Amino acid sequence: MAVSTDSPNIPEDIIKKCSEGPAVKINGLPTCLPMGSTMWGLIVGMVALGALTGSLAAGRAADRFGRKRVLLVNNIFFVIGALLLGTSTTVAQLAIGRYVSGIGCGVASTVVATYNSECAPINARGLLGTILQLSVEVGIFLSQLIAIFLVDVPNWRILFGLSAAISVVQLVLLPFMPESPRYLVTNGKFSEAFRALQFLRPHHNVSNEYSNLLESVSVSATTSTTSTSTTNNNTPANCQPAQSEDGFMPDSASGYNIPISDKSDKKPSVSIRSEEHTTSPSSFGLIDIAKGRTPDVIWHMLFCTMFLMGFQQWTGAKGIVFYSTEILDKVFDLGDAQLSHTPNVAQW
């Protein structure tokens with residue numbers, strides 16, 4: 001994500017000013033793509049537009065298909081975006097590549113944070129959230145260092161393609177990770193959730209944590225037959241673990257029944273519900289939150305979140321991320337040779 005966001009910063013002049021001439025080609029690709037500052041700014045900003053699109057769709061997709069599956073599919077956007085950028089022959093292709101990469105950034109920034117928080121122990125969630133943001137900043141810094149060595153023609157295309165290589169690594173490693181236990185519980189996959197917790201907490205007894213997870217999520221399942229016995233076999237009632245002779249086994253340590261298998265071939269239709277409200281949290285919108293229609297009054301949290309996100313933009317941090325090279329050029333009157341060998345320490 002960091003490479004996709006910040007890769008055009010240092011090679012800006014090499015790409016748009018065309019010191020070698022736009023007609024010169026290497027391996028069938030033009031050495032540069034001449035354009036003005038306004039068009040360059042539009043292309044750089046396409047990442048933000050794509051991120052907006054991706055983030056708006058990410059939440060519903062993650063709730064419907066799962067966090068892990070969405071993250072796996074999201075690698076496609078990073079790979080396609082990197083290929084479009086690395087093989088750009090026109091300004092339009094460069095803009096489309098930035099937009100597609102931006103979609104991947106938006107999805108990743110939304111779903112990764114959710115996945116980490118749902119997989120992490122309660123006492124480590126804050127730390128993981130901090131590490132996530134820190135890793136993005138470190139990635140931006142490292143992309144700037146790498147750009148110093150790939151700022152010439154035609155190596156700037158390799159710089160744009162680095163995000164594809166990172167995505168391939170994630171595509172290979174992520175299948176070995178389990179799905180979010182909370183997502184599995186809210187979708188009636190209790191034994192899979194228990195196994196996921198066991199994978200995430202090796203050599204630990206996860207019975208109590210699993211029981212707490214069941215208690216924190218009130219699951220209401222309905223099947224096509226709406227049979228009482230079917231419901232009892234798939235869904236905990238009143239926030240308590242479900243009882244089933246062949247689907248659960250008693251655990252003496254916690255006093256709860258621990259799932260050993262999911263016998264039903266049909267996937268139940270489930271939703272998360274409050275004890276006092278019958279409205280699913282997935283249906284809550286901004287207006288509902290602002291008017292206090294949620295089980296807990298959280299409008300002040302929404303306000304703080306929106307203010308912090310807006311304040312981050314008002315500080316001009318993104319302007320430094322995208323245009324620090326040009327800022328340094330204007331302030332210190334640096335030449336092209338000096339700029340190409342000046343690490344972007346402001347990112348750090």
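Quick reminder: no glycine exception, Cβ is built from N, Cα and C everywhere.
Quick caveat, the model's predicted, so the values are computed rather than measured.
Per TrEMBL, domain 'Major facilitator superfamily (MFS) profile' is recorded for 1-348. Here TrEMBL flags 39-58, 70-90, 127-150, 156-176 as transmembrane segment. TrEMBL lists 224-235 with the feature compositional bias 'Low complexity'. Positions annotated as region 'Disordered' by TrEMBL: 224-283. Residues annotated as compositional bias 'Basic and acidic residues' in TrEMBL: 262-278.
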Please give the average pLDDT for the domain 'Major facilitator superfamily (MFS) profile' (1-348) in this predicted model. 76
Most CB pairs under 8 Å with the transmembrane segment (70-90): which of 39-58, 127-150, 156-176? 156-176
Can you tell me which parts of the same chain pack against the transmembrane segment (156-176), counting only residues 6+ beyond its ends and a CB-CB cutoff under 8 A? 1, 3-4, 7-8, 11, 14-15, 29, 68, 71-72, 75, 78-79, 81-83, 85-88, 97, 101, 104, 143, 146-147, 150
What residues in the same chain, six or more past the boundaries of the transmembrane segment (39-58), come closer than 8 Å to it by Cβ-Cβ distance? 4-5, 8, 12, 16, 70, 74, 77, 91, 94-96, 98-111, 318, 322-323
